[in-house]
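Below is one structure; the comments refer to it alone.
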Amino acid sequence: MSDRDLGVTPPISTALPTEDEKRLSELLLRELRAQGTYESPAETNKREVVLKSLERITDEFVKRAAMEKEPKNTVLIRDARGRVFTYGSYRLGVYGPGSDIDTLVVAPRYVTVQQYFDIFPKLLLEMAPPGSITDLTTVPEAFVPIIKFEYSGISIDLIFCSIQGKKQLDDDPHWNLQDNSLLRGLSENEVRSLNGTRVTDEIINLVPEVATFRVALRAIKLWAQRKAIYANIMGYPGGVAWAMLVARVCQLYPKAASALVVNKFFNIMLKWPWPLPVLLKDIEYGHSVTRVPVWNPKIYPSDRNHKMPIITPAYPSMCSTHNIGQSSMTVIQQELANGVKITEEIMVGKRPWKDLFTKHTFFTSDFKYYLTVVSSGRTRESQNSWAGFVESKVRILVGKLELHPSIALARPFNKGYERVHRCKNQTEIEEVQAGSLAYQVKPGAGPLNAKVEAKPEVKSETTTTENGAGPHVKSDPIDTEPNLQNIAVAENGQVVIRAEPPPPAEEEQEVEIFTTNHYIGLQLVQKAKSLDLSREVNDFKAMLTANESAYDRHMNFLTVQHVKSWELPDDVFEPGEEKPKKAVKRKRPENGSVAATNRD
């Protein structure tokens with residue numbers, strides 16, 4: 001155990017774990033493994049192989065950028081090298097099956113963002129094993145420009161930063177990004193790119209016992225994901241924010257076992273006096289290496305509006321939870337209260353750990369009314385970009401809904417549902433763009449416009465036999481009247497008739513439409529009699545479609561629909577979950593008997 005005093009306040013307790021707490025920690029670890037939060041050694045090894053490949057590609061990328069910059073400078077080209085750093089769950093050591101790898105490419109100052117987007121995607125396809133790179137998407141217009149792709153089935157989010165103070169990067173394998181002077185001359189988005197790794201490293205350095213922290217964080221991540229309160233872009237804490245909360249509890253109980261850390265997490269965070277910020281160390285002020293502002297509610301009015309500020313420890317400190325709104329905060333506190341009740345009973349042996357990780361009831365019982373934001377695109381590539389932009393703005397619509405006098409709570413679901421549809425004409429396309437699922441491609445469907453070998457068949461129609469026993473196949477008479485153009489004379493002088501193939505039937509060409517649906521659950525105030533959201537919805541649509549860099553009117557579409565719980569599509573429910581049914585209201589007819597009628 002570490003004897004370091006960490007954090008901005010002294011520990012609450014430095015007591016060693018009891019035997020019961022050790023036993024509960026073992027049970028917690030066993031449950032986390034049973035829940036599938038740990039991946040196999042083979043999968044971990046595959047991640048390492050992918051990262052080694054990205055390092056080689058990054059070196060080649062920087063060399064080619066150097067050749068473009070100064071083609072005759074052989075020394076510059078010879079010494080050109082880049083570096084690959086990870087951040088997020090992989091660097092924290094809490095990744096699991098299917099987790100992506102958040103990755104940063106660092107280059108010398110002569111390499112530009114434009115070169116990154118021009119050269120790097122081509123190198124990925126050129127240097128990676130054939131077929132290993134899929135779903136390659138570049139998003140240069142994002143605030144932090146990013147390249148997204150899958151490498152051998154592993155999802156990679158790749159961002160970029162060139163260090164303005166470095167003509168060449170150090171070849172020391174232990175070189176890192178912790179030196180604040182590396183931020184000199186960087187723009188805000190470049191500082192954010194670099195700080196992903198810097199923040200992750202600081203978190204690890206600021207916890208007293210890394211192994212305990214990792215087990216506790218795995219538990220809290222799983223709990224937050226199961227409760228659908230895990231996604232920064234949708235207005236909930238993201239992975240780094242949850243990590244900082246767990247790290248703070250570890251600082252307050254530096255020698256506690258992981259089971260107690262989880263229990264204390266719920267108790268402390270439920271009672272936390274927001275908007276008092278959660279800090280892992282004192283905020284650093286006074287550095288002059290960057291103009292990016294440090295979080296300071298005394299100076300910046302926007303910082304005073306943060307409802308649940310969780311502040312990053314690396315300079316310049318920022319609020320990782322600025323997206324959290326009133327509804328999200330309410331939902332988080334409700335789940336924290338439930339977590340307190342469950343873990344208190346777990347700690348005294350009355351409940352198992354699996355009870356903490358039960359799934360949310362967002363679709364099954366939480367709401368009667370929903371809004372669904374439907375973004376669509378005519379190609380997968382255009383939809384990937386458009387849907388990402390729309391997703392980043394859904395929380396703005398939620399903020400508008402929270403101000404509506406008839407809405408008590410507007411809760412966004414923490415992920416979107418991607419669907420593919422096949423349409424035969426413009427009418428069907430417009431139906432899909434308006435939210436219809438009538439043409440959705442079902443699992444196992446064949447490829448688009450698959451060619452099927454035509455087989456000769458007798459044209460028939462089905463009728464019913466006199467005794468009603470079953471269908472009767474009635475063949476059409478064969479037309480034996482020859483076409484004069486098909487008459488020919490054989491060598492023996494006999495007249496023969498060449499068979500005329502039937503004219504090819506015109507095939508209806510299907511087109512694929514790609515959609516992403518985001519759902520917002522609405523809880524109305526008591527005695528709400530009407531709900532007109534036309535202004536909020538129209539303002540939201542106008543704001544998004546006005547962005548010419550993200551929206552292409554020939555390729556993209558956006559609609560917002562009202563959906564009742566019993567109208568939700570089947571694919572938002574998992575096996576074993578019961579879809580809500582329309583309530584039935586009974587009324588007494590004039591004759592005195594009881595009849596049932598549907599109630600809206």
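Residue numbers in this text run from 1 along the chain shown.
Placement of Cβ uses the backbone N, Cα and C atoms for every residue, glycine included.
What TrEMBL records for 7-207 is domain 'Poly(A) polymerase nucleotidyltransferase'.
With a 10 A radius on its CB, Asp157 (Mg(2+) 2 binding site) counts 18 other CB atoms from all the protein chains. For Asp100, Asp102, Asp157, the entry in TrEMBL reads Mg(2+) 2 binding site.
The ATP binding site feature in TrEMBL is assigned to Asp100, Ile101, Asp102, Asp157, Lys221, Tyr230, Gly239, Val240.
For Asp100 (Mg(2+) 2 binding site), the number of other Cβ atoms no farther than 10 Å from its own Cβ, over all displayed protein chains, is 15. The feature Mg(2+) 1 binding site is assigned by TrEMBL to Asp100, Asp102.
Residues annotated as domain 'Poly(A) polymerase central' in TrEMBL: 212-359. The average pLDDT for the domain 'Poly(A) polymerase central' (212-359) in the predicted structure is 97.
The domain 'Poly(A) polymerase RNA-binding' annotation in TrEMBL covers 361-582.
Taken from TrEMBL, the feature region 'Disordered' covers 455-480 (among others).
The region 'Disordered' annotation in TrEMBL covers 571-600 (among others).
Excluding the listed site residues Asp100, Asp102, Asp157, the same chain places Gly88, Tyr90, Ile101, Thr103, Ser155, Ile156, Leu158 with Cβ atoms within 8 Å of the centre of the Mg(2+) 2 site Cβ atoms. Here the CA atom of Gly239 (ATP binding site) lies 11 Å from the CA atom of Asp102 (Mg(2+) 2 binding site). Between the CA atoms of Lys221 (ATP binding site) and Asp157 (Mg(2+) 2 binding site) there is a gap of 19 Å. You'll find the Cα of Tyr230 (ATP binding site) roughly 15 Å from the Cα of Asp100 (Mg(2+) 2 binding site).
Within its own chain, Gly239 (ATP binding site) has Gly88, Ser89, Leu92, Lys221, Tyr230 as residues 6 or more apart in sequence whose C-beta sits under 8 angstroms from its own. Across the range of the domain 'Poly(A) polymerase central' (212-359), the DSSP-based residue counts are 76 helix, 4 strand, 68 coil. For the pair Ile101 (ATP binding site) and Asp157 (Mg(2+) 2 binding site), the Cα-Cα distance reads 6 Å.
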